[in-house]
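Here the structure is laid out as C-alpha cells; the discussion comes afterwards.
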Amino acid sequence: MAASSSLSTLSHHQTLLSHPKTHLPTTPASSLLVPTTSSKVNGVLLKSTSSSRRLRVGSASAVVRAAAVEALESTDIDQLVEKSVNTIRFLAIDAVEKANSGHPGLPMGCAPMGHILYDEIMRYNPKNPYWFNRDRFVLSAGHGCMLQYALLHLAGYDSVLEEDLKTFRQWGSRIPGHPENFETPGVEVTTGPLGQGIANAVGLALAEKHLAARFNKPDAEIVDHYTYVILGDGCQMEGIAQEACSLAGHWGLGKLIAFYDDNHISIDGDTAIAFTESVDLRFEALGWHVIWVKNGNTGYDEIRAAIKEAKTVTDKPTLIKVTTTIGFGSPNKSNSYSVHGSALGSKEVEATRQNLGWPYEPFHVPEEVKKHWSRHTPEGASLEAEWNTKFAEYEKKYPEDATEFKSITTGEFPAGWEKALPTYTPETPGDATRNLSQQCLNALAKVIPGLLGGSADLASSNMTLLKMFGDFRRTHRKKETFRFGVREHGMGAICNGICLHSPGFVPYCATFFVFTDYMRGAMRISALSEAGVIYVMTHDSIGLGEDGPTHQPIEALSKFPAMPNILMLRPADGNETAGSYKVAVENRKTPSILALSRKKLPNLPGTSIEGVEKGGYTITDNSSGNKPDVILIGTGSELEIAAKAGDELRKEGKAVRVVSFVSWELFEKQSDEYKESVLPSDVTARVSIEAGSTFGWHKIVGSKGKAIGIDKFGASAPAGKIYQEYGITVEAVVEAAKSVC
C-alpha cells in the first residue's frame, strides 16, 4: 500500500521509496551480479553460482534491458528495509521449521520483491481485505506461501496473527500449505498447481480492464487497480501459463505486472536439465513488455525502478524477470534444490541467523519493523474512505451505471432476474439444448450485469454468443464476449480469476464436453476455491455423431460426480435448460457444468425449472401409493427415450414412473423424505438410461436394477445409427424393464 512513512528523520529518499507515483530519474544500471565464487554481498555469504546464468539475453532485434536505477546513498531507511526483508525471511524459515514441512527457499529469495510490493507499492486496506479498488496480489508459485503469509502478518491483516504463523500446515490452521482464498482473507485466489495462479491473475486483470472501460468516466475514475504476480520457473514450464499469458498480451492488459522468480532451481536440480528456453524473448513475442532485474537478492532500487517503468507501459502487460538465489542467506543450502521443499534443519537455521546477522528468537518481529508496517492500517482505511467518497459522487452523477456496478461488486442481482429465463411447453418446437442454452444466456445477459464469457474457438458450435454484445478486444474493452481461442485450460483458469475478482461476476466458458480433459485442472480449482464459473459443455454424448470417438465424451458424465463442490447438470429440454441456468447463477460458490446436446430434443410433458432444483424428480407416473412396478431414470437426451419406453410399458398395463435425473449432486442434497418420494426404497425394479459410462449408476438402480449405457468408446456414424448399435433405444429400455419387474 503506497503511502508516506511515519519515520520523521528520513529525507526525500523516503518519499522516493514509498510512493508508487513518484517519478525517479533513471541512470544506467550497474551490473550487480551474484558472485561466481563464494563471497559476500552486503555482508551475506553466498554460494558460488554459474556466471552463464546471469548473461544478458539478446535477440536479433533487441536486447532485454536491465532495470535502470538511480544511485542513492545508504540511509536509515535502507537499514530498515533490510531488517524488514530479513523479518519476512525468518518468519518463513521459522514457520516451516516449526511445521517441519514447507518451502522456505522461495520466500527467502523473493522477500525483497514481497517487501517492496506490500510496503511501498500496493494499495489495500488490511482491515477490509475485500475493498473493491485494492490492488490484487497472486502468488502463482503457491508452494512459497509463507512469503505471502509473512507479508499479510506484517501488513496488519487479522487473518494472519503471530499464533497463526505457529500453526502453519497444521489441522485447523488459517494458513494452509498452499494459498487458499476461502481460508485466508487477503489471499485472492487458490494457487499451488503451477501455472494456475498466473492464469487466474490474467482473469483478475481482465476483469479490471473490463470494469474500467465500462464504468469509468472522464470526471470519475472508480476502477483503477493493478494485479501483481510472482511466478517461478515451474509456472513458466506449464502449458496453462503459456495459454493465459498469450491472451494477456493479445488483450493488452497493461495493469498486469508479473515478477518471474528466475532462480534456476527445480525440485530435480538446476533448470538446465529441462528448461533452457529464453523466457524473455518468448514473452516479448507474446506481446509483453519485459524488464530484467539482475540482482533480486539485494537490488531494491532495481526492483523499484522496474515497477516504475512497468507502470508507464499501459498498452501491454509487463514481465519483470528477477534473478534471485533460492534460499538466499542460507550458507550451505542456498542455490540448491535442497532448500526448495523442506525445512532447513536446526543447524542450518542457526547458520543462516549468523550469516544474516539475525539475533532474534523465532517468530520475532523487531519493534522498528512493526512500527514501520503499522501505518498500513490507518492509511488503508483512508484509501478506502477516499474511494467511498469518490463513488458516492459517482452514484449521484451516474445512478444507472452505479446500480449495475454495485450489482457486480456486491453480488446482489436485480430482483426477479430469474423471470427473464424463457419457459417452454410440450407444444414449443423442440431444439438442441445447446441452442436452448443460447436463448437462456442471452435472456440473462439483459438482466444480470456481471454475466460475461466466451468459448474456446467454438462459439458457433457451443452457441454461446451474446447477441446484444460485441467481442472484448484491445480497443473494445466494454464488451462481454471473450474469444479465448483454442486454450481450454487457460480459459477455465481465467474465468476463475474473473469470478473471484468481484462476487457479482458470473463468468461462463464453453467447449465440447470431451475437452474438459484439457481443462480439468482449472475446473478442480474452481470447485476448491468456490468460484461459481458456469461451464457450458456441448456435444455431450454419442449424439454428436460423425465426429466419432475422439469427440464423444463417454466417460465425462461419470467422472465429475467424484469431484467435491461441483454441480453436473444434464438438461433434457427447454425447461430443464432454463432450470439449470437458474441453479448455476444462484450457486456463486459452486461451479456448474451444463452438459448440452447437439441433437434436437422435444420439450417433454412434466419437466420444470423447479424440478431441476431438486436434482431428480418425477415427470410422469401412473402408479398409486408410491409403488410403481418399475422406475425409469433418464438424463438429458435419454429422458425422451425413457418417456417413450414408459408409454409403451403402460400400454401393457405396467405402473411406470419416469424420473428425470438432471443432477446427482442436487438430488443428494435433498431430504431423505423427498428422495424416498422419488425413488422409494422398496421399489427395486429400476432402469437407468444414459448415453455414457454406466459407472456409478448402480448406486441409483441397485443390485436388482439395470443400467443402460456405454462402457466402450463410441464410433463415427450418424447419431441415430450409433444409438441403435449401442442399444440406447426404447426397445432396449422396455426389454430391460420387463426383466426387472
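Cβ coordinates come from backbone N, Cα and C, glycine included.
Here Swiss-Prot flags 1-33 as region 'Disordered'.
Among the features that Swiss-Prot reports, compositional bias 'Low complexity' is placed at 1-19.
Feature annotation from Swiss-Prot assigns transit peptide to 1-66.
If you look up Swiss-Prot, you'll see 24-33 marked as compositional bias 'Polar residues'.
Annotation comment: Swiss-Prot describes His103, His340, Arg434, Ser461, His539, Asp547, Arg598 as substrate binding site, evidence class similarity to another entry. If you draw a 10 Å sphere around the CB of Arg598 (substrate binding site), it holds 21 other CB atoms from the protein chains shown.
Per Swiss-Prot, the feature site 'Important for catalytic activity' maps to His103 (among others). His103 (substrate binding site) carries neither a helix nor a strand DSSP state and counts as coil. In the structure as shown, the Cβ atom of His103 (substrate binding site) sits within 10 Å of 25 other Cβ atoms.
What Swiss-Prot lists as thiamine diphosphate binding site is His143, Gly192, Pro193, Leu194, Gly234, Asn263, His340, Glu488, Phe515, and the listing cites similarity to another entry. The secondary structure of Glu488 (active site, proton donor), as reduced to three states from DSSP, is helical.
Mapped onto three states, the DSSP output places Asp233 (Mg(2+) binding site) in helix. Its own atom aside, the Cβ of Asp233 (Mg(2+) binding site) has 20 Cβ atoms within 10 angstroms in the protein chains shown. Residues annotated as Mg(2+) binding site in Swiss-Prot: Asp233, Asn263, Ile265.
DSSP assigns His340 (substrate binding site) to coil in the three-state reduction, placing it in neither a helix nor a strand. What Swiss-Prot records for His340 (among others) is site 'Important for catalytic activity', and it gives similarity to another entry as the kind of evidence.
Glu488 (active site, proton donor) has a Cβ environment of 27 other Cβ atoms inside 10 Å. Look at Swiss-Prot and you will find Glu488 tagged as active site, proton donor, backed by similarity to another entry.
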For Ile265 (Mg(2+) binding site): DSSP state (helix, strand, coil): strand
Per DSSP, three-state class assigned to His539 (substrate binding site): coil
Local Cβ density at Gly234 (thiamine diphosphate binding site) - other Cβ atoms counted within 10 Å: 21
Densest Cβ neighbourhood among His143, His340, Arg434, His539 (binding-site residues), 10 Å radius: His539
Asp547 (substrate binding site) CB neighbourhood, other CB atoms within 10 A: 14
Secondary-structure category, per DSSP, in which Asp547 (substrate binding site) falls: coil
Intrachain C-beta neighbours of Ile265 (Mg(2+) binding site), sequence separation six or more, cut-off 8 angstroms: Gly105, Asp233, Thr271, Ile326, Asn335, Ser336, Tyr337, His340
Of Pro193, Ser461 (the binding-site residues), the residue whose Cβ has the fewest other Cβ atoms within 10 Å: Ser461
Other CB atoms, at most 10 A from the CB of Asn263 (Mg(2+) binding site): 29
